[in-house]
Amino acid sequence: MAPATDRYSHTRAILGPQLFERVQDARLLVVGAGGIGCELIKNLVMSGFGTGERGLIEVLDLDTIDLSNLNRQFLFQKQHVKRPKAVVAKETALKFNPHVHINALHRNIKDDEYNVDYFKSFNFVMNALDNLDARRHVNKMCLAANIPLLESGTSGYVGQVQPIKRETTECFDCTGKPVPKTFAVCTIRSTPSTAHHCIAWAKSYLFPQLFGADDEADQQELDDAEKNGENVEEIQELRKEARAIRELRAGLNLEGAAKRVFEKVYVGDIERLLKMEDMWAHRKAPHTLNWDELSSAPSTSSSAPSTSDASNGTTAANGKDEARIKDQRKLSIKDSFDLFVDAVTRLSARFDPLGEPLSFDKDDEDTLDFVVGAANLRAAAFDIESQTKFQVKEYAGNIIPAIATTNAIIAAALVHQALNVLRSDWSAARTIWLKRTSQRIFDVSPLSAPNPHCAVCRVVYVPVKVVEDATLGELVRELVGEGKAIPFEGFVSVQEGTRLLWETEDFEDNAEKTLKELGVKEGKFVTISDDEDHWPVQLCIGSYLPASSTERIVPDTSAIPSPIPTRAPPPAPEADSDSSDVEDLATVVEGAAATGAEAGAPGAKVVGKKRSAEEAGLEGEGDEGKKKKVEYLVLDDEDGDVVIDLT
């Protein structure tokens, strides 16, 4: 018995000796060591997790530390910039508690080596990711390994914790996901109507055309736009515009480059648009800007044009209102003009046509200033309200500013729910929302049941080990058919991801190929489906059996229910929801995607299209078919958030 005065005495007294022993011996995987991850790792090591003889905290993160992380990711300091987050998080955590068993991996959680067997080695997984594709992957792996997952996310002042357990709760993919808004090429290039259109033009078109890689991406974009039925005449004009920009690019190192760019995009291109009279029949026409008027206009700033930090040799533009944060000052057209000219000059000095192309980075003051100035000048030409530098950085960097205290609160809630997981008390586990309302800070609700139509968790996951030279035909003959582990009869299809490998009376050539030849290696999933509406069976290929093994294919038959369930009937069409029920945060994304089954997620009956890693999470319907308020959650990103989840 440890002395009453040891560092864990209070924790032991609160949790009780039995639960605290489970805490110490817990083996857990923390995926992500960013904003939430830093707070979470600190909480875990200070609470005694991973300090027992069998305990372990494994931290896995692919990212390295950036200067902009330091304001809230407190495990990192300036000397750690560019080092792996997971490694530094471990080093710092050991200073908090040198007795913890912690391992750091600077790797990608989607690497094949992190297969079902790897996930099964942990008691549970805690997600603190900023990548939707990776979140979906971890969700699927935890379902396949049948271990609990604790999801989390923050967005400004709001956040969420969601415990997930197979067959008990809904999974991450049980709900539909909103798709980020995209804009037609002609809208961005010719008819902007919002500040976001102008920012997208400055960041994704003008900047790369002048300073980025000189490749055929822009030409391909125009080809695709033409195929999609956009205005053919306008597409042709845009091709001419792109060629003219490339000519400007060649003279960026010559005197007067900023003026030539200005005259091209804010005079010549605008005049070209004005000649297309039909385009302005039902919308307000733009107007050209005048270089001489703007260059000779009295400055509205008491300092140099750039808003860069003083350490860069410049000071803030538009410095009249010293009471406001400099990046949130309203920029006049003169401020934007001066900022644009200065940024073009700075970038031209950096740009080498024969060297490495420049790329936009929200933390690079030169590139950010260019986008701010260029976007606001375009907004002025189209009579659109200008944006502050802070607003442009938010949109161009795809971020919602992160708040350290929100991360801290959500990390604490994660640990609280982890205790319920260790108790195996899922009746006490809760989904927790942190809200910014006057009525209540927390909204706590029981866990929702799985969505009967989910194409990810309404799947039978079967771990299987094979010899290295096992063929696809062997796999099918050994496991599929009447009296076999997978008793599918009639028409059967086999696929890996979106690739169809074999189906009844077809693809027979593949039957004699080894799984390895077909690209089905350790860590991959093979989906077996029939035409009788049974749940698909996903074989999770584990580590290879030794060459000396007397068995060539060994499935975990205990994971296969008898009988295999059938799919639920399709849901009835839903009425449109009242837009008034959507929180303000919904403006971050627009549109909604189908559920996993409809989108062709892994496990869908028909070979589907791969879903975009850019999709975000959304939830619109609660238990028992009752409509509930739609809320959008955002996961902590490098300098802000990415929309991910719904509540």
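Residue numbers in this text run from 1 along the chain shown.
Keep in mind that glycine also has a Cβ here, set from the backbone N, Cα and C atoms.
These numbers come from a predicted model, not from an experiment.
Copied over from TrEMBL:
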type	residues	note
DOMAIN	14-454	domain 'THIF-type NAD/FAD binding fold'
BINDING	Cys171, Cys174, Cys454, Cys457	Zn(2+) binding site
ACT_SITE	Cys186	active site, glycyl thioester intermediate
DOMAIN	317-393	domain 'Ubiquitin-activating enzyme SCCH'
COMPBIAS	562-573	compositional bias 'Pro residues'
Within 10 A of the CB of Cys457 (Zn(2+) binding site), the number of other CB atoms across every chain shown is 25
Within the same chain, the residues at least 6 apart in sequence whose Cβ is under 8 angstroms from that of Cys171 (Zn(2+) binding site) are Asn139, Leu143, Ile164, Pro450, Cys454, Val456, Cys457
Model confidence over the domain 'THIF-type NAD/FAD binding fold' (14-454), as mean pLDDT, sits at 85
Within 10 angstroms of the C-beta of Cys454 (Zn(2+) binding site), the count of other C-beta atoms across all shown chains comes to 22
So Cys174 (Zn(2+) binding site), by the Cβ count within 10 Å over all chains shown, scores 24
Secondary structure of the domain 'Ubiquitin-activating enzyme SCCH' (317-393) by DSSP, residue by residue, totals 43 helix, 0 strand, 34 coil
